[in-house]
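K.L.:
Have a look at this one before I ask anything.
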Amino acid sequence: MVAMSGGVDSSTAAALLKEAGYEVIGVTLALWPEDTPPPPGETGCCSLKAVDDARRVANILDIPYYVLNFRDLFEREVIDYFIASYLEGETPNPCIACNRRIKFGALLAKARALGIDYIATGHYARRWYDKEKGRYLLARGRDAGKDQSYALYTFTQEQLAHTLLPLGDYTKVEVREIAARYGLPVARKAESQEICFVTEGDYRDYIQSRAREKIKPGPILDTRGRVLGQHRGLPFYTIGQRKGLGLALGKPCFVVALDPERNAVIVGDKEDLERRVLYARDNNYILWGELPGKARVTARIRYRAPEAAATWHPLAGGRARLEFDEPQRAITPGQAVVYYQGDLVVGGGTIESVAQI
């Protein structure tokens, strides 16, 4: 079962699997809420155009195609989490939540219940079974510019055992060439960049439309606790933000922390964004069956952030402490931190808090 978004990547994944001899079924997930019109754009993974494109590709490949309704689950597991995170002063990653709960959670469970051996997606990452370790491993895709392993750190061993990632050994250029060779109409289709369920305006407008009564103004404080002004509500701010603060201090200032207990936005100088230590919750580990006492890793604190050398320490309750060799700028609670050793994904978690040392 191939999760088809109507884009070139998942379409090419379906084509490659059929060519390899698999019996392929294409599915598109209906995710947009009933009270929200489907995204109108050309590239959104949930848009009506996406469904049309996926169906056309399935017809060309001569594979069965279905649209599956995951609206209610998506609203509970992704949209509600997205809104709640911003209200709590965190910056969420809805794509990771969707991968964890929807694609490789509910969709995989449905496929297995139907007797289907694997689900497949168009992610740029590699997975294989390592006999020496007795584990399935996950690694970056060959195309460093398109690598999506960061968004896949939540894989369990059971999920990896029943997942195929056909594009891991290809570059984006090669994928488009393969799609063109198959005569797929999406071979030159632009990529989707937006949050799929935010159909109008930006994410702030979306949160306001769905949780206006929960957004409360509060104080803007400096790092010493002095009141500098008023903010419009925590969801309107994120770590590292400089514009839109409404302050005239005669010097640049940045959001350095969000304090939900005091409903406060904390601002400071650029140097105040630098931190060497983070704490992460809800960690998942792919490379390790048993956790070491500590380990050297490289870590990525945002999807497109460069990796940085660090020492990882396990903590109780699925938490971890990560100490970077050099200070990192704008480490943001709510975002994922993903640990690597070479090309291999060690695992990752959700950034909970930061510290200086």
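Even glycines carry a Cβ here, placed using N, Cα and C.
Source: prediction; values computed, not measured.
As annotated by Swiss-Prot, ATP binding site applies to Ala3, Met4, Ser5, Gly6, Gly7, Val8, Asp9, Ser10, Leu29, Gly122. What Swiss-Prot records for Cys98 is active site, nucleophile, and it gives sequence analysis as the kind of evidence. The disulfide bond annotation in Swiss-Prot covers Cys98-Cys196. What Swiss-Prot lists as site 'Interaction with tRNA' is His123, Gln335, and the listing cites sequence analysis. The annotation active site, cysteine persulfide intermediate is assigned in Swiss-Prot to Cys196 on the grounds of sequence analysis.
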K.L.:
Using a 10 Å cut-off on CB atoms, tell me which of the binding-site residues Ser5, Gly7, Asp9 is the least crowded.
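P.N.:
Lowest Cβ count within 10 Å among the binding-site residues (Ser5, Gly7, Asp9) is Gly7.
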K.L.:
How big is the gap, in Å, between the Cα of Ala3 (ATP binding site) and that of His123 (site 'Interaction with tRNA'), rounded to a whole number?
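P.N.:
That separation, Cα to Cα, works out to 10 Å.
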K.L.:
Which state, by DSSP, holds Ala3 (ATP binding site): helix, strand or coil?
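P.N.:
Looking at the DSSP assignment, Ala3 (ATP binding site) belongs to a strand.
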K.L.:
In sequence order, which residues at least six apart in the same chain have a CB under 8 Å from the CB of His123 (site 'Interaction with tRNA')?
P.N.:
Asp9, Gly141, Gln148, Ala151, Leu152, Leu165, Leu167, Gly168
K.L.:
Taking just the CA atoms, what is the gap between Leu29 (ATP binding site) and the residue listed as 'active site, nucleophile' in Å?
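P.N.:
Distance between the two Cα atoms comes out at 11 Å.
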K.L.:
For the C-alpha pair, I'd like the distance in angstrom between Gln335 (site 'Interaction with tRNA') and Gly7 (ATP binding site), rounded off.
P.N.:
26
K.L.:
Of all the recorded positions given, namely Ser5, Gly7, Cys196, which is spatially nearest to Cys98 (active site, nucleophile) at the Cα level?
P.N.:
Cys196
K.L.:
Between Cys196 (disulfide bond) and Gly7 (ATP binding site), how many Å separate their Cα atoms?
P.N.:
13
K.L.:
DSSP three-state call for His123 (site 'Interaction with tRNA'): helix, strand or coil?
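P.N.:
Assignment for His123 (site 'Interaction with tRNA') reads coil.
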K.L.:
Can you count the other CB atoms that lie within 10 A of the CB of Cys196 (disulfide bond)?
P.N.:
23
K.L.:
Specify the count of other C-beta atoms within 10 Å of the C-beta of Leu29 (ATP binding site).
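P.N.:
Its Cβ has 23 other Cβ atoms within 10 Å.
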K.L.:
Reduce the DSSP letter at Leu29 (ATP binding site) to three states and note it down.
P.N.:
strand
K.L.:
Return the maximum Cα to Cα distance in Å (whole number) over the record's ATP-binding residues: Ala3, Met4, Ser5, Gly6, Gly7, Val8, Asp9, Ser10, Leu29, Gly122.
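P.N.:
Spelled out: the longest distance between any two Cα atoms in Ala3, Met4, Ser5, Gly6, Gly7, Val8, Asp9, Ser10, Leu29, Gly122 is 16 Å.
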